Amino acid sequence: MKATIPQNAEVYQSANDKPSEGDFRSDVKQIMLDIVKFFHDNDLPFTVNIYPFLSLYLNQHFPVEYAFFDGNGQTIPDNGKNYDNVFDANYDTLVYALNKAGIKDMKIIVGWPTDGHKYATPKLAEKFYAGLMKKLAKDVGTPLRPEKLEVYLFGLLDEDMKSILPGPFERHWGIFRYDGTPKFMLDFTGQGRKIVPVAAKDEVGPDLDYACYHGDCTAMLYGSTCSNLDKIQNISYAFNMFFQIQGQDVRACDFRGSAMITKNNASVGSCLFPIQIVSGSGDFRISYVFGRFIVAGLILLGLVTFCYFTISMFYYSTHHIIIITNTINLDEVGPDLDYACYHGDCTAMLYGSTCSNLDKIQNISYAFNMFFQIQGQDVRACDFRGSAMITKNNASVGSCLFPIQIVSGSGDFRISYVFGRFIVAGLILLGLVTAI
C-alpha cells in the first residue's frame, strides 16, 4: 500500500506567469524538496490539487474562458509551446518545478464547485467537466507532457459540514448533491453525450450506518468473529445488534420495511447473533399499537398520547421542510437567523449563488430549513421561539431548492423530550405490572 499527501497548487509559482519559470515558492522550497525527495525515494506519486475555478475566485480580472478547455481564451506562448487554458499552464508550471527538483512523475486532483460564488454554478461545472473529459479521452496531455494524464476528481458528494473559511463554495464541490442526486450532465467517456450520472440507489446504507453507530458492529471488523459475513449477513447482524441494544423494541426493527423479526437462529459459524434480552415463559410481547394504549392507561395520558402519536405520524409520513410563520416579527429574528446559518449551511444564499435573489422572508425560511434538515428534522430544531413551522409544501423558489436531506418512512415518528420521559415512565410501570 502506498500513501501520498495532496499538495496545494499555491506551493509553486512562476515569476512571469509562464510555466517555464515554474518553481517552488522560496518560503516553502526546502520543505517541498524534502517532501519530493521522500516521495521519489519511496516510489510514491506527487499529488497536487489544481482548481481552475480558484483563478476566477481569487482574481476578478482573470479571463473567464481561460479557465475552460474550449480554446476560446487567450493563448500564452512559452518556449515554443502554446497554452490556451489555465489547467495546462498550471500543470506544466508544476512539471517544470518538479523537473528542477529531479522528479518526473505526479498525479493531479481537479474539480469545480456548483454554489457559493457567481462562477460556482452547475452550468459552468458542466462546461468544465465536459472539456476535461474530452481532453482525458484523447490522451493528449499538456504541451510539456503530451501523454495520458491520471486525474482524480473532487469531489463525489457535497459536504454540508465542511468549513467555509476558504470560501462559501467549499461545501459544493460534489458532482452529486447531499441526497445523492446528480447536479448536471456529465459523460465520463468524454464523448459529449447528454447524459447524467446515475443517482445513488443505496437505500440501506444510512440505516446500516445508524444501526452501527447506535448499536455494536465491532465484531464485524477485520479479524473479528463476524468479519467474514456476506453483505446480507452483515446488514442482518448490524440490525440485530441495534434491535437487541434497544431492548427488542419492535420499533427498532423498522428500518423502513427492510427488516423483520424471526425466532430462527441466524448465527453463521462462530459468528453468533446475540440475544441480550430473554422473555419470560410464553415469550410474551405486547404489540406496538396495543402497547400504546396500555402505556397511555397506566400513566393516565391516554387521550394525549393517542393525539400526539397520531399527529406525529401524520407530520412525518412524507417529506417535510420548515418555513417561518406569518406572524413573525422580522426585527427580532436576527439572532435566530445568525444561529441557523452558523450551525447550518447558508452558502447558497451568498451573492451570485443559486439562492441569492430571495426576499427577506424566503431568506429566513431557507436558513431555518437548512438548520432543520442538518439537525435530522428534529422537531426541536423547528422552534426558533415560535417563529417557524413545519410544512409539507415545497417552498423552493425558482432554481433555489429547499433541500430535504432526511426522508422519513411512514412509521417514523418522533417523541418530544419532555413527553418522552412520561412514556419511559409508563413503560417501566408496564414492565413491573407485566413481571407481576
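Note that Cβ sites are derived from N, Cα and C of the backbone, with glycine treated the same way.
TrEMBL labels come from automatic prediction, so no person has curated them.
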From 1-22, 177-198, the residue range that TrEMBL assigns the feature region 'Disordered': 1-22
Contact set, same chain, for the region 'Disordered' (1-22): CB under 8 Å, 6 or more residues outside the stretch: 28, 32, 35, 39, 42-51, 54, 76, 78-79, 81, 83, 89-90, 92-97, 100, 107, 109, 144
Confidence summary for the domain 'X8' (195-273), mean pLDDT rounded: 87
For the domain 'X8' (195-273), the number of residues DSSP places in helix, strand and coil: 35 helix, 2 strand, 42 coil
